[in-house]
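All remarks here apply to the structure that follows.
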Amino acid sequence: MTPKIQSVRGMNDILPDEAEFWERFEETIRSWLRSYAYRPIRLPIVEPTPLFKRAIGEVTDIVEKEMYSFIDSLNGEPLTLRPEGTAGCVRAVIQHNLIAQQPQRLYYMGQMFRHERPQKGRYRQFYQVGVEALGFPGPDIDAEQILMGARLWDDLGLDGIALQLNTLGQPAERARHRSDLISYFEQHSEMLDDDGRRRLYSNPLRILDSKNPALQELILGAPQLIDQLGAESLAHFEGVQQVLRDAGQPFEINPRLVRGLDYYNLTVFEWVSDRLGAQGTVCAGGRYDGLVQQLGGKPAPACGFAMGVERLIALIREAGGEAGAEPVDVYVVHQGQAASRLAARVAEGLRDQGIDVLFHCGGGSFKSQMKKADASGASFAVIIGDDEANAGEVTLKPLRPTGEQPNEQKRVSVDSVADEIMSSILDWEES
Ligand code: ATP
Ligand code: MG
């Protein structure tokens with residue numbers, strides 16, 4: 001037997017029952033984003049590798065070990081499957097001069113790729129919704145983006161998602177904190193792990209982000225950035241908190257929240273659920289004022305966040321959201337040559353009126369077709385045999401009677417079947 005080919009490890013198929021659920025989720029996402037005046041942007045999945053090295057930083061988990069990078073065999077160009085969306089979005093904004101006239105609120109959804117160890121809530125191909133505001137100095141926009149999250153959890157019927165907040169200050173403040181950190185960790189270098197020792201001089205801030213339990217006590221005693229912050233950074237942080245307090249949005253300040261990407265400054269935040277185990281962060285973001293310039297654009301402030309779609313869907317499912325087939329309105333049953341030709345025309349005519357139709361293909365007896373019609377979950381069967389075809393009529397049979405609606409089939413003319421169906425659907429919706 002020919003061996004089967006399987007999907008790549010950590011890259012999942014999303015089958016129809018599940019995919020319909022995803023589409024409903026995406027509709028909620030789109031209308032939520034519209035309600036905050038965000039506009040869509042569609043970006044390539046493959047970008048030049050130097051984009052990510054420059055944007056995310058060389059000494060990060062993503063760039064060091066998680067990127068799917070390859071050389072284009074046709075022209076030798078180094079390319080990478082995008083591990084996140086911000087870098088590509090900023091690249092596009094610069095390339096097309098999008099913020100020359102006015103600031104922009106932008107969003108995208110799609111696949112990201114990271115070579116991680118697959119486990120629940122962590123995949124090698126996963127989906128993110130990314131939300132970016134470019135050209136706004138804040139802190140009003142930072143706070144708006146945070147409150148957007150709260151509204152979405154509400155729209156999705158989710159609770160138990162808590163907000164963590166921190167500030168990373170500005171580069172000069174971080175530089176002072178960094179030298180404090182290096183001397184602190186140098187004094188305790190025997191307690192560091194390999195990663196920690198490797199990062200001691202290249203990226204000591206990332207040691208604070210370590211998940212190694214053996215390091216936690218050391219990390220707790222480390223010097224804090226907040227002690228290095230100047231008046232402006234403190235005012236920005238206070239400005240964000242003020243809006244959150246005014247909105248009654250609870251938050252926890254977590255000084256250890258530093259985020260895995262280099263490009264952040266000032267505000268950083270994460271939304272964390274207590275129901276997903278170790279992979280509890282469903283949304284993460286913050287300000288990245290330096291990135292536009294770092295990628296060759298005219299300096300511009302910016303702020304954004306990304307949500308992990310698989311993790312959110314898992315939460316919705318856990319809260320009782322059901323996946324499953326979405327039934328059509330009408331199943332068309334037909335037999336005989338003339339009948340089948342009429343049936344095909346009737347099906348298109350119904351679709352002209354906005355009615356969803358499943359046209360039976362593959363023949364079979366009336367009885368077996370009716371069984372499939374029942375199982376399809378359709379509201380009506382439209383049945384056409386020789387008899388109906390000769391009379392220019394169809395038999396309309398309600399399959400899903402509710403309330404007063406009699407479960408009786410009737411003959412109606414081909415021209416009136418759409419109206420009959422529409423008015424029954426309206427009656428059902430009213431009752
Ligand atoms: P983590 O600490 O869990 O690795 P991260 O800091 O690498 O997360 P971000 O780069 O901030 O994650 O991505 C934003 C969101 O995307 C995360 O909060 C998470 O919900 C989701 N996400 C990140 N990596 C994965 C993955 N490998 N599989 C599924 N979702 C992911
Ligand atoms: Mg990660």
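From the backbone N, Cα and C atoms, a Cβ is placed for every residue, glycine too.
The Cβ of GLN128 (L-histidine binding site) lies under 8 Å from the Cβ of GLU84, GLY85, MET109, GLY110, MET112, ALA306, MET307, GLY308, VAL309, each of which sits 6+ residues away along the same chain. Annotation comment: TrEMBL describes GLU84, GLY85, THR86, ARG114, GLN128, GLU132, ARG259, TYR263, TYR264 as L-histidine binding site.
Look at TrEMBL and you will find 1-327 tagged as domain 'Aminoacyl-transfer RNA synthetases class-II family profile'.
DSSP assigns ARG259 (L-histidine binding site) to coil in the three-state reduction, outside any helix or strand. DSSP assigns GLN128 (L-histidine binding site) to a strand in the three-state reduction.
Largest Cα to Cα distance within the recorded L-histidine binders GLU84, GLY85, THR86, ARG114, GLN128, GLU132, ARG259, TYR263, TYR264: about 21 Å as a whole number.
Cβ neighbours of ARG259 (L-histidine binding site) (same chain, under 8 Å, six or more residues apart in sequence): LEU168, ASP209, VAL268, GLU270, ALA284, GLY286.
For TYR264 (L-histidine binding site), applying a Cβ distance below 8 Å and a minimum sequence separation of six or more within one chain yields LEU168, GLY286, ARG287, TYR288. Taking a C-beta cut-off of under 8 Å and a sequence gap of six or more, THR86 (L-histidine binding site) has these contacts in its own chain: ALA55, GLY130, GLU132, LEU261, TYR263, TYR288, LEU291, GLY304, ALA306.
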